[in-house]
């Protein structure tokens with residue numbers, strides 16, 4: 001029966017994998033719903049306050065670029081050629097071979113440069129043209145050949161197009177997507193969890209599918225009770241920090257994190273899914289690797305280490321078991337549980353796996369940095385070639401003996417190794433860190449320039465264009481079955497109680513890596529969600545027009561911000577009422593949908609603007625004169641933050657203004673009229689945006 005369950009789990013998992021690769025959007029069991037277009041008023045202010053509404057910030061984001069591109073192609077005729085030119089250059093930069101780049105560069109030059117020069121309509125500088133021409137004449141086609149044009153195209157976008165984009169509906173759509181991104185609160189319900197694929201000291205790893213996009217991931221679940229029992233809180237939190245440091249930027253050689261979240265019982269990391277097993281497993285199945293095969297793995301691992309070290313992260317646990325293969329045979333470094341940030345302080349701790357730890361790591365009280373990883377790389381490459389660590393000969397398992405040999409033994413390299421390989425390993429396994437390869441001041445660049453890698457095109461490595469020496473079997477789960485992986489004994493943690501103080505440790509644990517979420521959305525549901533939202537918004541706009549509803553009430557007024565909130569403020573009312581609010585320098589107005597604003601609250605009536613909590617939801621509390629109160633609830637975190645800030649700012653400025661207004665004897669004053677005579681012109685107006 002257990003065998004049948006294992007087979008069914010494998011079949012379900014493999015089917016989910018195949019469907020996810022073919023049509024991930026079709027596998028989505030939840031829908032992403034974009035907020036109303038009116039969210040723009042709040043989100044624009046929220047993003048502006050954080051310096052996010054600039055050309056560089058928006059253009060560098062995947063969804064920002066896609067929407068900017070769509071605006072140029074469909075709504076701005078004069079920008080269309082610039083976008084097409086930019087796209088062609090980006091295609092050129094991704095080409096593998098010099099032959100392909102030669103053909104493509106000539107095509108781009110003829111179509112976008114020479115053609116414009118002949119028609120005297122070339123909009124770019126003479127220096128950019130000469131830069132490209134001179135290299136083409138010398139038959140030089142580096143990947144950055146057109147970089148001067150990229151810079152000038154972006155400058156044109158910045159000067160001529162960006163402001164028009166900000167005023168367009170495409171920027172509104174960008175605000176809608178950013179609101180979704182900044183309000184992600186993941187739970188287990190956001191994933192379909194499949195079979196177990198691994199187990200560690202604190203928990204298990206499962207294959208899973210994200211419900212709203214259909215994308216497959218690995219879910220690493222750590223048990224909070226087990227963490228507490230083993231006093232592993234610092235390790236668990238450190239792994240989350242290290243993953244957040246290395247999971248940005250383009251690096252296909254690290255198992256990166258897209259999300260982190262927690263439940264009352266578990267910490268969960270959502271990671272890249274690797275289906276090809278690990279190098280330790282393949283070494284045992286395949287036998288030792290040849291020099292050329294090892295060079296392939298070494299090159300990809302070196303780029304992974306370079307990415308980590310550029311972020312001041314030392315890995316400290318490099319070994320074949322931590323190198324995972326994807327379904328095509330390319331590798332990624334996994335499990336950053338022992339990684340360490342050395343940007344502010346160098347570590348001293350002796351951590352890692354015996355037989356791979358550098359001498360400076362083993363020596364007590366000695367500080368080290370990325371040097372530790374280059375020594376470990378030498379140990380690992382030796383194992384791929386010989387089947388054992390250079391300091392674990394005769395299958396000794398005595399950790400003290402292995403450490404002693406690491407600190408004292410001169411490594412003997414077989415005569416069968418090529419001179420280039422011997423030189424590489426001697427450099428990496430040098431016990432004196434000041435003479436070790438990779439530790440002489442230039443880091444990974446020293447290793448990449450070693451003669452052993454002379455024939456390697458590192459751009460080809462980065463683009464994963466070299467054929468892997470070993471391709472994992474397709475249609476198989478390259479992991480032990482659930483029975484062999486085993487499970488934790490629940491009795492171990494039966495007496496462990498999680499207190500509020502334990503949960504407080506994980507208060508800041510949840511995280512979404514923006515660029516990875518945007519890439520996931522772009523690859524799966526972006527077009528579908530946009531099309532459905534366009535259709536719904538067009539239908540609603542037509543209906544409002546037919547009913548004669550006013551949708552530009554704030555336009556031309558000194559409205560600071562507007563948008564939907566839910567309110568609860570009537571002593572006889574215990575239900576939330578959704579209303580549309582307008583914040584002015586002297587008052588807060590609101591209305592039900594389709595109605596003219598009919599209710600208002602002046603700043604003179606308000607005593608304080610505070611934050612409160614209603615049933616685990618943060619809300620805004622307005623205390624009103626006469627002991628009354630007014631509670632506002634927002635649909636998303638950014639809205640709550642921005643409404644609270646703007647209400648406090650307006651309230652404070654209104655109070656300062658009221659204090660400056662001389663008290664008029666024997667004459668009652670209307671707070672609305674009196675304040676509206678002196679608008680706070682220094683505050684920005686949303687102008688109906």
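Heads up, the Cβ atoms here are built off N, Cα and C, so glycines get one too.
The following features are taken from Swiss-Prot:
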REGION    1-190  region 'N-terminal'
SITE      3  site 'Required for receptor phosphorylation'
SITE      4  site 'Required for receptor phosphorylation'
SITE      10  site 'Required for receptor phosphorylation'
DOMAIN    54-175  domain 'RGS'
DOMAIN    191-453  domain 'Protein kinase'
BINDING   197, 198, 199, 200, 201, 202, 203, 204, 205, 220  ATP binding site
ACT_SITE  317  active site, proton acceptor
DOMAIN    454-521  domain 'AGC-kinase C-terminal'
DOMAIN    558-652  domain 'PH'
REGION    665-689  region 'Disordered'
MOD_RES   670  phosphoserine
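The Cβ of residue 203 (ATP binding site) lies under 8 Å from the Cβ of 220, 221, 222, 223, 226, 266, 267, each of these being in the same chain and 6 or more residues away along the sequence. Long-range Cβ contacts of residue 205 (ATP binding site) within its own chain (separation 6+, distance under 8 Å): 196, 197, 198, 199, 218, 219, 220, 221. Predicted-model confidence for the region 'N-terminal' (1-190) is 89, expressed as mean pLDDT. Rounded to a whole number, the C-alpha distance linking residue 317 (active site, proton acceptor) with residue 201 (ATP binding site) is 15 angstrom. The full span of the recorded ATP binding residues, 197, 198, 199, 200, 201, 202, 203, 204, 205, 220, taken as their largest Cα to Cα distance, is 15 Å.
Per-site Cβ counts within 10 Å over the recorded positions 197, 199, 201, 317 peak at 197.
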